[in-house]
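When I checked TrEMBL for this same protein, it listed these features:
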type	residues	note
DOMAIN	589-757	domain 'SSD'
SIGNAL	1-22	signal peptide
TRANSMEM	261-285	transmembrane segment
TRANSMEM	348-375	transmembrane segment
TRANSMEM	590-613	transmembrane segment
TRANSMEM	625-649	transmembrane segment
TRANSMEM	655-676	transmembrane segment
TRANSMEM	707-726	transmembrane segment
TRANSMEM	732-757	transmembrane segment
TRANSMEM	1071-1094	transmembrane segment
TRANSMEM	1101-1124	transmembrane segment
TRANSMEM	1130-1152	transmembrane segment
TRANSMEM	1173-1202	transmembrane segment
TRANSMEM	1214-1237	transmembrane segment
Amino acid sequence: MRSAGLLLLIAGLLAWARLGYGAITEVHEPGTCAMYKNCGKKSFFGAQLPCPYNGPAATPDPGMRATLVDICGAEWAETNVCCDADQLENLRGNLKKAETLISSCPACQANFVEFFCSFSCSPNQSQFINITSLGTATSGSDIVTELDYFVDDLLAEKFYNSCKDVKFSATNGYVMDLIGGGATNYKEFLKFLGDEKPLLGGSPFQINFPWGETPDEIDRLEFDAKNCASQDVRYRCACVDCPGACPSLPPAKEQFQCHIGALPCFSLAVILLYALMLIVFVLVYKSIIQFNRGPFYKPERLRLLQENGGASEDEEEGDIVETSELVERELAKTYKLHSILQSKFTTLGLFCAQFPGLVIGLSLLFVGIMSLGWFHFTIETNPVRLWVSPQSETYLQKQFYDEQFGPFYRAEQAFLVNEDGPVLTYDTLKWWFEVESNITAITSPVYGTTFDDICLKPTGEACVVQSITQYFAGDIDNVDVDGWKDQIAVCTANPVDCLPPFQQPLKPSMVLGGVDGEDYVNAHAIIISWVANNDEEGSDHVQRAMDWETVLEAYLLEVQEQAASRGLRLSFNTEISLEKELNKSTNTDATIVVVSYIFMFIYASMALGKLSWKSGRRSLIESKFTLGLFGIIIVLLSVSASIGLFSIIGVPVTLIIAEVIPFLVLAVGVDNIFLLSHELELVNQEYPNEPVEHRVARTVGKMGPSILLSASCEFIAFALGSAVAMPAVRNFAIYAAGAVFVDAILQMTMFVSALTLDQLRVEDNRVDCLPLLKLQLRPAATSSSTVITKESELVRWIRTKYAPAILKKEAKAIILMVFCGACALSLALIPKIQLGLDQRIAVPSESFLVNYFDDLYDYFDSGPPVYFVTTESNVTTRAGQKALCGRFSTCNEYSLLNILEQERKRPESSYISEPAASWIDDFFHWLNPQLDECCRFKKGSTDEMCSPFARDWQCDVCYANKDPAWNITMNGLPEGEEFLKFFSFWIDSPSDPCPLGGKAPYSNAIVPDYERVTINASSFRTSHTPLRSQDDFINAFASAKEIAKTASRETGVEIFPYSVFYIFFDQYDSIFRLTTTLIVAALAAILAISSLLLGSISSGIIVTVTVGMIVIDIMGVMVVWGISLNAVSLVNLVICVGIGVEFCSHLARAFMVPNKDVLDLSRSRMKGNDERVWAALVSVGGSVLSGITLTKLIGVIVLAFTRSKIFEIYYFRMWLSLVIIAALHGLMLLPVALSYFGGEGYTLEEFTIGPENTSRRYRALFEEPESVESETDEEEEQGP
């Protein structure tokens, strides 16, 4: 420890030995002393104490006079003194120790010198010093043991103010913490100086500073205390050390947030706009009703029309009823593109139906070839390469930092916590010393690595271990069994006196947490950090480090049990722990995802077959289990083909792709399976005498354009995402677009062939899953060939109940108002969306890292370090030096250090909490010849440095005879090659005995270029305030960038901020803009494609607006359900666009091109757009509801059982919201909107495929044979 160095400074300054004897101070007059010379010690190990002397001041000899002037200044050139030569030399030595800390602020240094010169040598000493207690020295002489030192209040305040803000770069702290015990006012400052602390290196006797009333005989000490903001350059301190000398920065830019009361202006505007639109809508609606019931009311005509059988029960009086002929004329026109698409898809369907084996074989070959890319399959788990674009500024800055200074350190950290009381006891300390010793000794199994092999060694010898044990040099023998609390109190108050072996002072907040004020002895948590060197990913060093970290993790898990037996709790994290726990979470998620897919498959198979126990054994034939399985296989094949294709190209797979793409493609694929199957049933009944191949071709001809519409919208929407710079989102978009594209192709070819084979199986009475088994069953009863012959209960419910209900006029108005209201509410909530992804969510809920992250937020009261990096700044020139420095009077007003210091004073906006460690200032102050323990050459040499503890007679102080001399104005300080010469000496200098040595704090912070005579890069270290939330991290990053931008502009030097967490929060700088761009671009693509393929701009707009409202509502749910916006939720929002299209496009096309047979059923009840909406719901509504809605709902509900918090929040919650919201919009809002604003419909031309072939007729399944056996024949045994 260095208590003999710094803390004895107080003793040396306040207790000088005096010669002579006398009574306690009685005379208080000018020219009279109170003490003089040394008289002895209290004990053998004590310091020399002054003897009382109340006599006249002495006249020094010429030699002593010269020494006095050299130490105390020219004003002492002619005065008598109350000190002798020995005392003066002691004063010189102790002031030099203080100058190491305060020399950067000339005013503080001048006041410090004058204060102690007056105390020690003033000829008027008795006027302001009164001895109150004497003792007896070991020699038997009287010695002073207590006195009163009367100091003027204003002087004391000026003295304190001149020193209170002086910084100590080595600790990023304040000198006042070292010389004043962290005093917050002048009384505390002087009290700390005067309190008797002989064993701790403080004052050897008690010095009291009385305040208030002054005795008549006393004249308080006064002198002209220097102001740190003085205009005199001899005393003016730098901005870093004196707020009054700082320039005024413009006010911090605050993000403008308009609020009216508690509501954001945007939210209030949306609410008011909706309210206004609602009022207008209600008034217009009522006006129309009144208008229809006004002068144009014609009951006779209405009755006539009703007698003609025309009106719907839902029609208002005055409605005009369209007859069948009117509707026919409305649908008489055709859309050429529809006809072309129908023709092409019919041809495609016919080919696939006629050659199923060939098509399936070619499809499998196609998928197989594409899947060869799996040999190049790679999974990207590196979060940097996942979430940050290689072209982003933050990524490039990280690369620069890693190249110049090396990758940021590997950190292993642990918290030893006692939640019920103080964690520190001697037994706990002793046990933890043993734990740390074991950790240092453990050896990894593969490489035989120890911590010493991989640790950071700033001095080249000792490893960096930030722990309370390092206050004792990591040795339990240095801990006093009875006085350990006092030892810790001293070290936490003055870290520079308890330097660890790696020579960098340990801030108490780095090693102790849960502290009430400054009471570190009673802290609730011990914080331990092991710092290891890092290297490029995959390097030998990293492999060795990971090998050792694996053993460390296993050992700390054992220590957790030991801690629990002591009533303590240990939490920890190693560099490899987070990735390992994330992989565990992924494995858990994979199981849940597979189970989810199995449930969806089972449901899809059952729903496709419309199984009913009433069908008896016929259900074995009508089952669609095999067809459903085939559909699932196609989904998997499309995903496999997409992964294979893009793996060849070199696009890595991410965990998001692995978990989300199958869900997305299944959502799309299942819906198409239901649509094709349902349409085939209708075609079977409409064309019962045609061959199966022709019926399948008609099915594809009718549904192909609808599938093309949805697949095209989804493909383009996802493909647009590939233009995004964020790799995770871009790669997802690429794979999603590819999978959707391949799935659409396979469904229109391979699945169509499978559908044909399945229909042939059904018509041949063969058992599902076992087609070799054929049942001999009695055919069903003859039935008229109407469209509803075999309609399901769901379709019947939609036809008779649901569709008529939502198409009532009152119902439509209510639905429109409710959905618009929900959209308005969601828009109002969007400004409240939180950003970020809490790490505690990303790991499994039972992970040991959860406690670690909790403890990190609760007990670690230090923010992450932040480095302001300069690039290509020629600091060897004076201009370059002034642009960066902060502790010289001629530094630029807006130098980097001055700006950082001013930002530190407004931490609420800058998130900067500590003074910046300035290597340029410490380097120049290291050259100060007054600090004669710092820069020293060997005697007679200017190229070889003295060893740190060489004797003074062996060395010359570097700048002692420099002309011009070292000074605070920087005049004469080194430049060019001389700069780098002294720099090379300084960067290898240790921090003891000179704390300004550069090796420990700066060896990795500067990149000199001796050939080009410049500094390629350097960093200035400070710290953020403690960051407790994702908002804090995001705002701290944004603030640092703004500070660097300001500094670059003011200094002309390129400066950027770097902290290890910045790279992970880069995405939030633009995520709102990126989200908006992606969604708007996708919606624009949907508008263009849907308008083109539907043949109606108005219908295209309705589809696009509906999908947009789905996304907006889900963003509103994100606010309510606590789902933050990040890359994961952004991917899900893109999925929302794609699946939203799936819910809307098929219904929209069925509306634009209605089924004539279904349309005929509504002629007596519906009219206009309502009629076509009703027909669309009857035609495809069942497929949408039973296909995508219920299938995905079942799958999503399974996800609720996941143990992964991130999966539960970002997948279960978002996908459940998506399924429900999209279904409601697709099946309620869209029909209503189409009924109000939908475009005019089209009819399809009758397409002739070829001559009828009745060799296999669908009607035969339902016709009675010529001879029918008894009813019991239904129970015949199955044939071969």
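Heads up, the Cβ atoms here are built off N, Cα and C, so glycines get one too.
Neighbours and distances for these, please.
Outside the transmembrane segment (732-757), and at least 6 residues removed from its termini, the chain residues within Cβ reach (under 8 Å) are 345, 348-349, 352-353, 355-357, 359-360, 363-364, 367, 370, 627, 630-631, 634-635, 637-639, 641-643, 645-646, 651, 653-654, 656-657, 660-661, 664-665, 668-669, 672-673, 676-677, 680, 692-693, 696, 699-700, 704, 707-708, 711, 714-715, 718-722, 724, 1131, 1134-1135, 1138.
Remote same-chain residues near the transmembrane segment (1071-1094) are listed as 337, 341, 705, 708-709, 712-713, 716-717, 720-721, 724, 726, 729, 835, 1100-1101, 1103-1104, 1107-1108, 1111, 1125-1127, 1130, 1133-1134, 1137, 1141, 1145, 1148-1149, 1152, 1239 (criterion: CB distance under 8 Å, separation of at least six residues from the stretch ends).
For the transmembrane segment (1130-1152), same-chain residues at least 6 beyond its ends with a Cβ under 8 Å from one of its own Cβ atoms are 656, 660, 663-664, 667-668, 671, 675, 705-706, 709-710, 713-714, 717-718, 721, 728-729, 732-733, 736, 740, 1071, 1074-1075, 1078-1079, 1082-1083, 1086, 1090, 1093-1096, 1099, 1102-1103, 1106-1107, 1110-1111, 1114-1115, 1169, 1172-1173, 1175-1177, 1179-1181, 1183-1184, 1188-1189, 1210-1211, 1214-1215, 1218, 1222-1223, 1225-1227, 1230-1231, 1234, 1238-1239, 1241-1242.
Under 8 Å from some Cβ of the transmembrane segment (1214-1237) lie the Cβ atoms of residues 663, 803, 806-807, 812, 815-816, 819, 1098-1099, 1101-1103, 1105-1106, 1109-1110, 1113-1114, 1117-1118, 1121, 1123, 1129, 1132, 1135-1136, 1139-1140, 1142-1144, 1147-1148, 1151, 1169-1170, 1172-1173, 1176-1177, 1181, 1184-1185, 1188-1189, 1192-1193, 1196-1197, 1199-1200, all in the same chain and six or more residues away from its ends.
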Are there residues at least 6 beyond the ends of the transmembrane segment (1173-1202) whose Cβ is under 8 Å from a Cβ of it, and what are they?
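Contacts of the transmembrane segment (1173-1202) (Cβ under 8 Å, skipping residues fewer than 6 from its ends): 588-589, 592-593, 595-597, 599-600, 603-604, 607, 663, 666-667, 670-671, 673-675, 678, 682, 706, 792, 794-795, 798-799, 802-804, 807, 1139, 1142-1143, 1146-1148, 1150-1151, 1154-1155, 1158-1159, 1161-1162, 1166, 1208, 1211-1212, 1215-1216, 1219-1220, 1223, 1226-1227, 1231-1232, 1234-1235, 1238.
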